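S.K.: These came from TrEMBL, pasted as-is:
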| type | residues | note |
| --- | --- | --- |
| REGION | B:1-25 | region 'Disordered' |
| TRANSMEM | B:34-52 | transmembrane segment |
| TRANSMEM | B:59-77 | transmembrane segment |
| TRANSMEM | B:136-158 | transmembrane segment |
| TRANSMEM | B:165-184 | transmembrane segment |
| TRANSMEM | B:214-234 | transmembrane segment |
| TRANSMEM | B:254-274 | transmembrane segment |
| TRANSMEM | B:280-299 | transmembrane segment |
| TRANSMEM | B:311-328 | transmembrane segment |
| TRANSMEM | B:340-363 | transmembrane segment |
Amino acid sequence: MTGPQLDGLCVRGLRVTFDGFTAVDGIDLDVPPGDIRFLIGPNGAGKTTVVDAVTGLVRATGSARFGDRELLGRDVHRIARLGIGRTFQTASVFEELTVVQNLDIAAGATRNWWTLARRRNRIPDEVAAALETIGLTDRGDQLAGALAHGQKQWLEIGMLLVSDARLLLLDEPVAGMSHEERDATGALLETVSRDRTVVVIEHDMDFLRRFARSVTVLHAGKVLSEGTVAQVQADPRVQEVYLGVDTAPEA
Amino acid sequence: MTAAPLVGTDPAAVTGSPPGGRRGRRFDGPARTAAGFALGAALLFAVAPLTLSDFRLSLLAKYLCVAMVAVGIGIAWGRGGMLTLGQGVFFGLGGYAMAMHLKLADAGPGELPDFMQLYGQLDELPLWWRPFASPWIALPATVLLPMAVAFGLGSLVFRRRVRGAYFAILSQALAAAMVILLVGQQGTTGGTNGLTDIQGFFGYDLDDPVNQRMVYFIIAASLLALLALARQLIRSRYGELLVAVRDGEERVRFLGYDPAGVKLVGYVIAAGMAGLAGALFVPAVGIISPALIGIVPSIEFVIGVAVGGRATLLGPVLGAVAVAWARTALSERFPGTWTYLQGLLFVLVVAFLPGGLASLWVLARQRRSDPAGARWWRRARPVDRAENRTEVSAA
């Protein structure tokens, strides 16, 4: 698949406050095109809030640009149409629809009413390609609700692929997955990042060491450290607040 | 690309039958649909008129009007998750639009309808009655007027993300408001009495049983047409999208859709169906009044749909007819107890059979067809999760 042009995410001075509590306190973030950026940090560091702000779910001040488009201040579905796709901590697929129906809906945000009023008489090419990519080709007719937990996460990523998202914001994609499923997910991220930019929120340090191209550590709503996995792990502030001094050398 | 071909989108797949349920069924697809409609047509056009007395047939005509409302509720509530407790408003708009035209036609050109002369406050026809003198305006208005009101209300409400119980209460309040309005404007609306004693239907005398029969046939044909429309809607991409909005409105939003627009379309279509039902109810029964369109009838529309099975195509229709029939049959024999029985029925269905009686059919089909598929379905969920859990804790 030759995707459209590759863009990066550029966040400047992002600030989110809830009733006087500052969840995100002036964050700058540069995710270059094609990166696999991991966002880590202790609970309450503001990781998910950053994603919520970029996707329009919560109001924020500052700036978040994808390519040359400003994202802040737009409606959720308009941001999605600019090519920003996200997943949630709990896999949110349409459980009472089949895998193919899920993907077909994700592929169709720009369909006109005439197309919507008719039946889908074959599997669209992009849906078939996504089924292949996420390894669910033989599960197309199954209800999404009957999939295993890991497969639901893959389906959700597949839904972002067919929706032509060029920036993928994945919130804990491997939580609750088996070893094999984690490996498969990591490989999937690498495939996907060939023509897309990926940001992953993750707690799993082993997964991070293997698949992160760059890491941003958040702490109390601010960027604590940023760099490659090695650089971040070597940062004493990071060891102090997050990784813990004991666990760092064992990598 | 080796994706298995997808055989359309079975509505059963959306109501929870296992994916294997369709496999190996010979009698399926267009043939089954055609047979279903042929059976329906045979029942409505041959069996019922031949076996029922004129009186019973006119009752059936009334029930079929309720069933038309139910088809719309099945779309809005069953498919779209919008629990609309105010379909009486749209039923009433359609009914009043039709009744106004018929009253004007009964009165003759330039004359006031009988009730206006009776109350004696008016010298000439109110301005807003005048367009309804023309059938070319009144007939389309029976459907378009409810749709326009639904569009206005829906645009205000869905964009503000009013849903669930709040939407239900709001829609019910609308029904109450409409009744108050109609009763309050007695001089021009007939007040509590409504528009009664309708004699003719486009030149045909409604007292003649032959013409009553014709009205019945029009209603039966309209119901089949609405069912065909609903079926197409459910199976279209829009139908899939509507279910997706019902089950995950936020998720749909993050895929780049505006769920408000998706819901609005379903709501407006349901309103149009209720309007048509109201319009045909008038020649069948000869009256439209606030008591027929207020809160209680609005809730009764929903009860039939819930009992039949809201997410299926036929469930709402059969449920609506069954509940309306039971109501007549039981109130003839035990007047006064029907309300309690209806309430009990509703509670039982909601508590023990949320999918309605139609889910019994789906369950039976699951058992019968492809037991391997059913086993796979039962196995897949808990065990896979348990495996995940153990592997996570091992990791």
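Cβ coordinates come from backbone N, Cα and C, glycine included.
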S.K.: Sequence-remote contacts (6 or more beyond its ends) of the transmembrane segment (B:280-299), Cβ cut-off under 8 Å?
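M.R.: Same-chain contacts beyond the ends: 58, 61-62, 65, 68, 85-89, 91-92, 95-96, 98-99, 102, 171-172, 175-176, 178-179, 182-183, 190-198, 201, 206, 212, 215-216, 218-219, 222.
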S.K.: Are there residues at least six beyond either end of the transmembrane segment (B:59-77) with Cβ under 8 Å to its Cβ atoms? List them, or say none.
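M.R.: Tertiary neighbours of the transmembrane segment (B:59-77) are 44, 48, 52, 83-84, 87, 90-91, 212, 215-216, 219-220, 222-223, 226-227, 230, 233-234, 242, 266-267, 269-274, 276-278, 280-281, 284-285, 300-302, 304-305, 308, 310-313, 315-317, 319-321, 324-325, 328.
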S.K.: If you count every Cβ pair below 8 Å, which range out of B:165-184, B:214-234, B:254-274, B:311-328, B:340-363 shares the most with the transmembrane segment (B:34-52)?
M.R.: B:214-234
S.K.: Which range wins on Cβ pairs under 8 Å with the transmembrane segment (B:165-184): B:136-158, B:214-234, B:311-328, B:340-363?
M.R.: B:136-158
S.K.: Give me the stretch from B:136-158, B:214-234, B:311-328, B:340-363 with the greatest number of Cβ pairs under 8 Å to the transmembrane segment (B:254-274).
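M.R.: If we count Cβ pairs closer than 8 Å to the transmembrane segment (B:254-274), B:136-158 scores highest.
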